Every structure is written in structure tokens, then in C-alpha cells.
2 protein chains.
Amino acid sequence: MNVMFLGTGAGMPAKSRNVTSIALQLLEERKAVWLFDCGEATQHQILHTSIKPRRIEKIFITHMHGDHIYGLPGLLGSRSFQGGETLLTIYGPKGIKEFVEKTLLLSYTHIKYPLEIIEVADGIAFEDSQFRVAVKKLEHGVPCLGYRVVEKDTPGTLQVDKLRALDVPPGPIYQKLKQGNTVKLEDGRELNGEDFLGPHQEGRIVTILGDTRICEQSVELALNADLLIHEATFGHADDQLAFDYFHSTTSQAAKIALEANVKQLVITHISSRYQGEDSESLLNEAREIFINTDLANDFEKYEVHKQK
Amino acid sequence: MNVMFLGTGAGMPAKSRNVTSIALQLLEERKAVWLFDCGEATQHQILHTSIKPRRIEKIFITHMHGDHIYGLPGLLGSRSFQGGETLLTIYGPKGIKEFVEKTLLLSYTHIKYPLEIIEVADGIAFEDSQFRVAVKKLEHGVPCLGYRVVEKDTPGTLQVDKLRALDVPPGPIYQKLKQGNTVKLEDGRELNGEDFLGPHQEGRIVTILGDTRICEQSVELALNADLLIHEATFGHADDQLAFDYFHSTTSQAAKIALEANVKQLVITHISSRYQGEDSESLLNEAREIFINTDLANDFEKYEVHKQK
Ligand SMILES: [Zn+2]
Ligand SMILES: [Zn+2]
């Protein structure tokens, strides 16, 4: 599981940062890539990575501003053209369905795979045996969502070698032991399943937020996350601008990370007013409050490791 | 007057060629740039040129396929963000108005300059004292247009020095001479205006066609043009594919150029199946029929010179 930033800028593309898109790569977990937002030229950025459009299984849209959605119609068309045949599901706020359907219709684009578009607000956007994606409304002037991706815990595997060493014959009791039950063997021995299970593995949590002012919902979405991706459109000094334009500063993003007790914060959605060396001072502003912070650049990848 | 290719590929962006957009730069003529088509990431391509989005006065769309229009909403938004305040007019086939209005509305994009969208078919798309833009339907399976940009002839300027040398006093007769009339001076001399006019300058003609099969309308639009830009999605051998997909081959583009008696042909909209060295053989196929042919690459510029 890793996160690759395909675009880390705000508002408009610049030479150094494209507009927003983030790829959560779940190749080992489910041979899939989930995109979060899809600004213009996201498919162009993808050309410079190893991501295959046909592997994109889900696209989560945070809000309807152009710098987060204008790359969607092109990517959907190219995914079909490049042999994508499997279901693609798009999650997003009200309006996303009409946007996708209208743009494809008016451009005579016939995609060959099933496309599902689900408009979400607060609650659970998606859940299966492996992942649950919770969603909450943030504060951005227009409806804007944050997503909390929760990998489900995996129980420890049954240590078969250990059972064989004790001459426990394979059979239905293996299943009972695996579920952690205590069983009585025919020879009278009693075995506790817990003693024969490898370590239980906690699922990872990745929280990816849309554009927002500093707000309580962000803390809720990010609670104990392994990785929090939070916007920082402005530097610490520009907190009035951040408030006026419904954005956050570096320090505000760091405060959320601290309060939510996350392991790592990556700030992104950097305004083009900050160039080159400014990045370092932006990053330092955040690190003063939350030390384990990075500032994202296009094409940077962050691994999210399982806990030992 | 020059033409800069911002995207020369077909269907999907590739590393080497972006999807279609062509800038007709009229900086000396009217301090303006006219775009023809606006595929995704056209605004990104513009970042690597000297083109200022606020100088874009008109955008002519040939057809509604995504590789020709998906860059429009982003460019329109950025033009506003970057201080564009003057009227922008978009010309295009049926559907272009709904596409632009819907995408801007659904993305909460409020542009600060007046935007006019005119759906055109056959006839005159635009005319003022300087230029006339004629439009005709081509053959592409979906409604698709070709544009013929005609610069109006400029009459020769009055050679004032020559008149002064003959002691002809300035006054209303200068105006009459300028219009080519014969006038009688008070001292009895007769002067023919034609003798005092510099060379009359013929306007230039640039023809930019959308995707199309080889067709008669292309010849009509390109007749005697200084520059014809014609698609060549396929090589000579793939004429059946070209027909099936409503496109043209290199040779067909060259035939149109020959028949229309143009001065120069530039072929573009090259399928990504052709890579690197293929370009040379594609170009040679066209040159066998029409020698003054070039094959466009992204960011190449073609000057259109006035005739001497
Ligand atoms: Zn944004
Ligand atoms: Zn095309």
C-alpha cells in the first residue's frame, strides 16, 4: 500500500505542480489503484508512472472545483481505449453524476466497461471484507468531502507446523482453533486456539481530505491514521487568506495531525505563489507543530507500512 | 501571423504528442491569439510557450470529441484567474454551448470576462474589417467543421512623398487619390491615384480542418490557401482504417492540398501507433504527392508570410 501524488498544486496547473490527484495503490492488497480527485491532465501525469488506467477501480472525488475534476472525462475515455473492461466506481458529492454523464454524452464517448457513479455525503461510501471508506463533509464553501480509508484487521494465521509438532491431526478442529476456540482432543489434551495463532495484524488507515478550512470533522476522519493527507494552500502567515478562501495553512494542517494522533502527515495543494525554496519554510512551519510531516511533490510516493 | 501546434496527436495524449490544439497567432495583426480546438492539457502546453491566455480572443472548435474539447473548461477558468477581462468568443458545432455552460456551472466556476458561445454550421462564422472565417461541415461520423481564415486584402498606401515632390498640396484630394481616382489640380495637372499607391497587399488564407475523411468540402475550404492544416491520422497503407474511422491518410491529405492549389500543407493528428522514425515515412508519403508538406510536432511554429 502506497500513496503516489499525481498533482500537488492548487487552483491552476503550474510547470512544477499539476492540479490535484492522488493515487492510493493497493496492488498487493487487491491489484487495484484508487484515485482521489482527478484534475486536468491527470491521465498525462499517469503516463509518467507505472500506473495502468485499467487497474483504476475506484475514483473518490472530494469536490466539484475544476482543479479536482476536469481530468475525469479524459481519463474515463482513455481507460476504455486502453482496454479497461472491469467495473469502475466513482464516489463524489452531488453533481458528479451529471458532470460525468453530460461530458461523456456531449463528446460522443462510449466507454466499454461498466461505470457506476455514487453521490455520497456523510457515512460509509464503500465497504467490503477488506476495506471500509468513511466520508464526512468538510468546510470549503462548496460541498467538499474527506475520506477515511480503513483496512480491516487480519486475524493471525494458524501455525500448522506447531500443531503438527504436537501430533495434532488435521481436521475440523483446525478450523475451530483458527477461530481462537479451545478444543478437547480425543486423547484428552486441551488446546487453546490463541496459542496457535500468529500475530493478529491491524489494518492501516489512510485519510485523504479535500480542500477545507481547519475543522473538527478532519480530526474525526484522521483519528489514529497511519497517514493523513491534508491541504496546506497557504503559509502560516496567511491564515486570514486561508479563512477567506476556505483553505488551510501549514500550521493548521499540522494541528489537525497532532490532535488526531496520526503517525504521518503529508501536506499538499500548495499555492503557486510559493516557489522552489519556499517549500522548505512551509514544511518547517508544519514541523514546528507536528514533526513527522512531509510536503508532497508531484510523483512522490509514500509507503504505508503494516505495523509489526 | 503564425501557427503554433500545441497538440498534434490523435485520440489520447501520449508522451510525445498531446491531443489537438492549434494556436493561430495574430499578434501583429490584432494583438490576439485564436485557438483551434482545445484538447485536455492545452493550458498545460501553453505554460511552455509565450502565449498569454488573456490574449486568446477566439476559440474555434471543430468537433465535440473529447480529444478536441476536454481542455476547454480549465483554460476558460484559468484565463479568468490570470486576469483575462476581454470578450472571448467560442465557435463550434451543436453541443459546444451546453458543454461549456454545464461544466462551468457544475464546477462552480465564475469567469470574470464576457463569454460568447456561437454554434455554427455552414457559412460565415465571423467577419470584421480584417478577417473573415468561413466554415463548412466535413465528414467525421459526428458533426465536424473545417475553418477557412481569410485575411482581407489591404489596399496600397498613398505615397505622400511622391506627391509632395510634385508640389501637390495636402488636402481632400489626397483622399480621392488614395481611393484610386483621377483628380484635376487647380494648376491644370491631372493625376491618376493609381500612380501614387504603393503595392496592394493580398490577405493571407489559413485553412484549419477538423478530423475528416477525404472530402470535397476540404478542397473548397482550402482553395488557394497559404497554409492548409489537414489531419493525417493514418499512413497511406491504412486507407481502409482511415475510411472506417472517418479519418484521412497522409496521401489523402496531400491530394487535397494539390487539388486545392495551396502553398503549404502541414499534416497533424498523428496516431500514437506511429512512433519516432515512422514520422519520416509518413511525411514522405505525403510529399510524393505534394512536395511542400511538413508533419507537425508539438510546439512547432509555422510563419505565414505576406506575399511580396
Ligand atoms: Zn483545489
Ligand atoms: Zn481527434
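Backbone N, Cα and C define each Cβ position, glycine as well.
Where the annotation comes from TrEMBL, it is an automatic prediction and has not been curated.
According to TrEMBL, the protein has these features:
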| type | residues | note |
| --- | --- | --- |
| ACT_SITE | B:D67 | active site, proton acceptor |
| BINDING | B:H63, B:H65, B:H140, B:D211 | Zn(2+) 1 binding site |
| BINDING | B:D67, B:H68, B:D211, B:H269 | Zn(2+) 2 binding site |
| DOMAIN | B:18-269 | domain 'Metallo-beta-lactamase' |
* Asked: When the Cβ positions of the recorded positions B:H65, B:D67, B:H68, B:H140, B:D211 are compared with the atoms of ligand 1, which fall under 6 Å?
  -> none
* Can you list which of these recorded positions (B:H63, B:H65, B:D67, B:H140) have a Cβ closer than 6 Å to ligand 2? -> B:H65, B:D67
* Asked: According to DSSP, which of helix, strand or coil covers B:H269 (Zn(2+) 2 binding site)?
  -> coil
* Asked: In this predicted model, what is the average pLDDT of the domain 'Metallo-beta-lactamase' (B:18-269)?
  -> 95
* Asked: Listing the binding-site residues B:H63, B:H65, B:H140, which lie under 8 Å (Cβ to Cβ) from chain A?
  -> B:H65
* Structure fact -> Taking only the CA atoms, the spacing between B:H63 (Zn(2+) 1 binding site) and B:H269 (Zn(2+) 2 binding site), expressed in whole angstrom, is 14
* Would you identify the secondary structure of B:H68 (Zn(2+) 2 binding site) according to DSSP, in three states? => helix
* According to DSSP, which of helix, strand or coil covers B:H140 (Zn(2+) 1 binding site)? -> coil
* Can you tell which of the binding-site residues (B:H63, B:H140, B:H269) has the fewest other C-beta atoms within 10 angstroms of its C-beta? -> B:H140
* Based on DSSP, name the secondary structure state of B:H63 (Zn(2+) 1 binding site): helix, strand or coil. => strand
* Asked: Using DSSP and three states only, what is B:D211 (Zn(2+) 1 binding site)?
  -> coil
* Protein Cβ atoms within 10 Å of B:H65 (Zn(2+) 1 binding site), excluding its own -> 25
